[in-house]
Amino acid sequence: MIQEKTISKNEIKKQKVTSEASFPDEAFHLVDINGKLEDAIQKANVSVEKYDGDYKKTKLYMVENRGEIDPHEMFQNELLLKQIDQIGAFSVTILDKLMKLQDSPYFARIDFREENEKQAMATYIGKFSFTYDNELLISDWRSPVASMFYDFDVGPASYDAPIGKVSGSLKRKRQFKIKNGELNYVLESSTNIQDDILQQELSHTSDEKMKSIITTIQKEQNLIIRNENAQTLIIQGVAGSGKTSVALHRIAFLLYRFKDRLSAQNIVILSPNKVFGDYISNVLPELGEEPIYELSFSDIARVQLEGVIDFEEEKNPLETYDKQWVKRACYKTTLEFVQTMDSYLEQVNETIFEATDFSVKEFFVAKEWIEKRFHSCKDYPIKQRLQIIADNIYHRLEADNPMDEPVPKPKTVLKSLNSMLQIKSTLALYKDFYIRMGIKDLFVMPAKNTLEWSDVYPFLYFHARLQGLKQSKLIRHLVVDEMQDYTPIQYAVLNIIFACPKTILGDYGQLINPNHQHTLKQLCQIYHGAELILLNKSYRSTYEIINFAKQVQNNSSIDVIERHGEKPSIFYCQTKQEETKQIKKQIKSFKQSKYATLGIILKTNDNAKMLYDELSKDYEVSLITPDSTAFQNGIIITSIQMSKGLEFDEVLIVSVNQNEYHTSFDRSLLYIACTRAMHLLNLTCVGEPSSLLPDSM
Ligand SMILES: Nc1ncnc2c1ncn2[C@@H]1O[C@H](COP(=O)(O)OP(=O)(O)OP(=O)(O)O)[C@@H](O)[C@H]1O
């Protein structure tokens, strides 16, 4: 359900009425394209049916004649089947793209005159390219020429083509709204047109899932999307600045740009929870790409530590824990902790292995040689070094064995080398670290062979040095969303497992864990040489909501889009009962409104559950908890922690009382909650209102 309402509604409406009259060439062009698309779809349908028929026929032949056909023919048939299957799948993809184009074939046109050319060439830009009779009729939004639509106004322009930079001037820019193959409107180029359309896009009510933004990608966002060269890109952006959207469009761009060596299977996204994963899951398929694999830090730990050691899952950061637990957890989130681990590892590298002479029967290798080999393989995990040395010794002995005596096998040599190791397991190494560094009280095991969550990644860091981690060769690009939630040691481990380019995005203004003690500057230190990009403009929320959020967070650096709506309201209540009544009133008014989603946000998961129990007696509401897997429209009750990354047409933040929200950390939480609202924000409080709320309310 998409409703269109915009600040420049009148202007766009007027354009709609006059589109066909004022732009007869465009109306004609669309009819032509529609006809060609129709024809292409028919042809694609025929070829899909043909491959389907061929596949079935070949399969049937093989089944019916099994046992009679000789193995060579069988093999040929199997190959043929595979081939038909692949071509058939390709035809289905083409058909699918053509059908998507049929609804809205293109959204923009640019007329570009190349230097030294007399005439400008028109390029129509759409979700995918479309070629008919060897003529390129629509260019993909990711193509080099299409970048000018996002980067330039009418006037001098250029783009990077495979042959180098192409310069010239943009003579015309037009934007279209085409729905069901019909021209809704055409807008002729002028600088504010893009703003008008952006306003219109942003005024939509929310969809169930995040949607693509190709028609209105902003210049600063386009720079990130099309950055091909950065090994690591760090995007720090205020709430609603489009970080997640941009990251997903960047993936679509990279898949297009490097289609010969990158596929969806080669990309993984580290996302905070399954609901968020579900929420963003439509963007790539909408852009014609396959969905990518999602992982969490807990998933990674489970894979790496299977059969090694157990661990406790991450605890809810907003609950209260004993002081010692907090002290342990806090310390392990610092960059200093990683540095301390590094200096310990450096020391231990000198002492962990005490070489002795290897001597079995007449075979002998001097300890000096073993020691030297150990240090020369220093880039390998210690146990792998021993394996390498064992193999080396075996080959050396074999080569120098004039009497042809039975040489000790590598396994025997390895056993002997292992006995020279002073610390034999990762757990022993990890324990030794705390003892040697004089911080023994910072390591506690909650149960036998079980780690606290804060020890999981430090343990993996040591495990990488002693045993080695399972490295992913398949993954060629890693995306990390909500970067502020992860600690330096987690990044250090990530870098060992995924030695590939990375897009890391988040907002250090949206910290969710009070025990985390690291900064953006430190993240940049870890990724020395990374490109850091700041996004300061918020697109999600109205001017009034962002102004409110800015006062909550004391952050004046957020730029706001001039899209206006109602001012946020605070409902002051005397009692809990009064507050419940007020919540019900808000639900009633939401139901009568045009909006699709109402997010009722509470500080903690427990509070959200309690309100859900109360409201679900009378209303159809859903609850998002850390165990939830899907996002849906309607009335959603959840905690601030779980609302991260999501957005709702309307948000109601419940119980913004002084006792709940008073610390600087609560400020960050309240900011997260406020900025989930796209169009309307309301708050309730019981008794004394939080001092973090803006004064003027
Ligand atoms: N260029 C754009 N055109 C249209 N909509 C946009 C654009 N950029 C962002 N948006 C919209 O703004 C909203 C916020 O985008 P997104 O969730 O990607 O932001 P974010 O920076 O990841 O937010 P947060 O950190 O608050 O979770 C989405 O509805 C998105 O579609």
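Yeah, the Cβs are placed from backbone N, Cα and C, and that goes for glycine too.
Remember, TrEMBL labels are computer predictions, not curated facts.
Note that this is a predicted model, so its numbers are computed, not measured.
As given in TrEMBL:
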{"type": "BINDING", "residues": "G237, V238, A239, G240, S241, G242, K243, T244", "note": "ATP binding site"}
{"type": "DOMAIN", "residues": "216-542", "note": "domain 'UvrD-like helicase ATP-binding'"}
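Its own atom aside, the Cβ of A239 (ATP binding site) has 25 Cβ atoms within 10 angstroms in the protein chains shown.
Across the residues of the domain 'UvrD-like helicase ATP-binding' (216-542), the predicted structure has a mean pLDDT of 92.
Taking the mean position of the Cβ atoms of G237, V238, A239, G240, S241, G242, K243, T244 as the ATP site, the remaining residues of that chain whose Cβ falls within 8 Å of it are D507, L535, S538, Y539, R540.
Under the three-state DSSP scheme, A239 (ATP binding site) falls in the coil class. Around G240 (ATP binding site), a 10 Å sphere centred on its CB holds 27 further CB atoms from the protein chains shown. Around T244 (ATP binding site), a 10 Å sphere centred on its CB holds 24 further CB atoms from the protein chains shown. Most Cβ neighbours within 10 Å among the binding-site residues G237, V238, S241, G242, K243: this distinction goes to V238. Mapped onto three states, the DSSP output places T244 (ATP binding site) in helix.
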